[in-house]
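Student: To start, I am sharing the structure in question, which I have written as structure tokens.
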Amino acid sequence: MFFARDPAAIERSNLVNICKLVVKELLEQSLRYGRQLDSDHLPLQHFFIILEHILKHGLKPKKGILGPKKELWDLLQSTEKYCPEAQDVTSTIRDLPTVRTQTGRSRAWLRLALMQKKLADYLQALIEHKNEILVEYYEPHALMLSDEIVVIMGILVGLNVIDCNLCVKGEDLDSQQGVIDFSLYLRSSSRTSPENDQPAIEGGNMTAVLDQKNYIEELNRHLNATVANLQQKVEQLTTTNALMKEDLAIARNSLLTLQAENSALRQNQNAANQQIVDRANVLDRVDPEMAETLADERKKRQEVERELELQVCLKAETEMAMKLLEKDIHEKQDTIISLRRQLEDIKQINLEMYKKLQECEFELTQKGEMVERLQAKASSIGRILTNLEKKYSSSHGNENDMKKSPSGSQLGHPPNKRAYLKIQPIPPFNANKLTKSPSSIEPTISTPDSTSTAIVEVEDDNDKAKTPVDENAKEKNEE
């Protein structure tokens with residue numbers, strides 16, 4: 001009769017049995033053909049495949065996009081917290097350019113840990129802290145959380161006698177790994193003949209004994225280290241427990257002492273209060289006047305205390321008011337300083353404006369004097385032009401007389417000309433139209449002298465041309 005078993009238990013049992021077969025074959029191959037193995041060794045490839053299946057058994061899947069990381073590589077990186085020597089392995093794998101996926105990094109980590117002969121130690125550190133870290137990554141039925149993992153750890157310890165030479169950079173660790181050929185591990189006794197295996201067994205007898213001895217020594221060393229760690233922890237816990245017991249006893253003694261002191265103080269206080277009450281009653285009975293005086297003194301004392309409290313409050317308010325006044329004074333001082341600076345700036349501006357005003361008045365005075373000189377020159381020029389007009393009119397009358405006389409008709413008739421002198425009027429002086437600089441004023445009338453000439457517009461009856469007339473030459477002709 002067959003009983004239904006748990007599928008997870010069957011999976012764990014299968015993984016443990018296959019791991020035993022693969023590790024056994026790996027040890028036999030290493031003893032038969034040499035201890036140093038490379039990446040092309042088939043049992044070694046099968047070992048990494050089955051070890052990856054063991055580590056991924058019951059691994060929690062990632063829930064959602066924003067869920068926590070549940071990759072095997074993240075779990076293997078956490079060994080740095082418990083084994084500082086694992087930092088070299090993880091840092092080397094992070095710097096590998098050929099490995100890009102999380103699965104590839106975890107496979108490279110297993111290979112480097114095996115070459116370092118620390119694979120069993122690293123996994124043992126994770127198992128010792130399974131309540132802290134493994135529970136977050138694995139389901140309850142996972143092999144890493146079950147009791148069968150102890151068997152796996154014992155098997156992995158025996159791999160420390162094997163030397164491996166694995167090239168992690170040359171392997172394609174990101175792609176899917178191969179499958180395990182179980183025919184190599186499920187050979188029956190009928191297919192193997194003792195005659196063929198006898199030479200190999202005889203040749204490797206001594207090697208097998210030595211390997212078994214090394215395996216036992218390594219296992220013993222690992223167990224001794226574990227026992228030493230446990231003993232050290234027990235000693236630490238024992239010491240801590242003893243110290244805590246001593247502290248507890250001291251605390252209890254202190255508590256009892258404090259309670260006794262508290263009760264004694266309470267009794268003393270009650271006795272003192274009772275004595276005061278008794279004395280007051282005695283005084284009331286013995287001397288009523290003294291009692292009244294005492295009551296008055298108490299009232300006065302209460303009034304004095306109230307006055308004191310009032311004075312304290314007033315003092316606090318006064319201090320607060322003083323602080324506010326000081327703050328206001330500082331602000332006003334700052335305002336006064338800024339106003340003084342503004343006043344100085346305004347004074348400076350007024351001084352500059354006053355200087356500019358004086359300069360403008362000086363320039364205006366100079367320009368007024370210049371205009372007066374120009375007006376005097378213009379009046380002199382007007383008188384000269386008036387004299388010239390008179391002379392010209394007299395000369396024009398002589399020409400008419402010459403035309404009427406017969407002698408004049410014999411000499412010839414000069415051309416009949418009429419000259420008009422057009423003189424522009426002199427504008428009045430206006431100081432507002434003057435510019436600031438005297439250099440900008442350009443006089444419109446030139447200064448008359450002995451060599452100056454006047455431009456007179458002469459209208460001819462025939463051509464109406466403009467001719468310049470020299471005043472000195474004209475006077476000579478008239479004479």
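Quick reminder: no glycine exception, Cβ is built from N, Cα and C everywhere.
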Student: Quick one: which of 156-215, 216-275 does TrEMBL have down as coiled coil?
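Tutor: Coiled coil, as annotated by TrEMBL, spans 216-275.
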Student: When the domain 'RUN' (38-171) is classified with DSSP, how many of its residues are helical, how many are strand and how many are coil?
Tutor: 82 helix, 6 strand, 46 coil
Student: For the compositional bias 'Basic and acidic residues' (393-404), how many residues does DSSP put in helix, in strand and in coil?
Tutor: 12 helix, 0 strand, 0 coil
